[in-house]
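Undergrad: Dumping what TrEMBL says about this protein:
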type	residues	note
DOMAIN	37-255	domain 'ABC transmembrane type-2'
TRANSMEM	32-56	transmembrane segment
TRANSMEM	68-87	transmembrane segment
TRANSMEM	108-132	transmembrane segment
TRANSMEM	144-165	transmembrane segment
TRANSMEM	177-196	transmembrane segment
TRANSMEM	208-227	transmembrane segment
TRANSMEM	234-252	transmembrane segment
């Protein structure tokens, strides 16, 4: 409450666009201020993590799964997007407390710019992934046409979670520590370093309760197996993504109630 988005014909649109660009630029500069290689460092950690898991699960603990390296890298690159947005969402409001108190603008611009900064870095990871795709045995099939649907639904899901966490962490600062503990646990409960079909029946039924698994199974189906996911799975991906985003937006509307804690 307390602000209105300008109409599409209003000069205010340009002002908000410029503010988003400035906020995204600030995020990028803060991350790599003083770093000689700048953006290149954004690829360093993902590459090291990917190479580590690749080495372990290809040579030390090899999987019998066909082209497992592609499944592994596919999972890791999408996990990085989730982990970055969820872990950094608490900073979207807290780090901009002065701006919120001094300037009247749509608060939603802060999470939008924060997420865009993360997506810029993630796009670099995806370029590396695209370069490795064919080398790891990836096939360009019609299933790739469904990738944008699952990706957008996935982004909606994690953005909804990020919006909710950005508000919650303003008043519950301990939430960040919970997230730091929860994310590694969620990683191992998600079909990234393992494949659902290889699990014992009892374990598979437990893993099925992880809603994130549906997205990673769909990514693997499209990019690793070259198979279009079931219509039911696609509808579930879109439905969960939309529900998460709407829930996150609904909670974010309460942001002015927590400004005093910034």
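Every residue gets a Cβ built from N, Cα and C, even glycine.
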Undergrad: Mind checking which residues reach the transmembrane segment (177-196)? Cβ under 8 Å, same chain, six or more beyond either end.
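TA: Hits for the transmembrane segment (177-196): 53, 57, 63, 65, 68, 71-72, 75-76, 79, 83, 86-87, 90, 165, 204, 207, 210, 212-213, 216-217, 220.
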Undergrad: By Cβ distance under 8 Å, which residues at least 6 away from the ends of the transmembrane segment (68-87) in the same chain are close to it?
TA: 46, 49-50, 53-54, 57-58, 62, 115, 118-119, 121-122, 125-126, 129, 132-133, 136-138, 154-155, 158-159, 161-162, 165, 179-180, 183, 187, 190-193, 195, 212, 215-216, 219-220, 223-224
Undergrad: Which sequence positions outside the transmembrane segment (208-227), separated from its termini by at least 6 residues, show Cβ-Cβ distances below 8 Å to it?
TA: 67, 70-71, 74-75, 78-79, 82, 133, 138-139, 141, 143-144, 146-147, 150, 153-154, 157, 186, 189-192, 195-196, 233-234, 236-237, 240
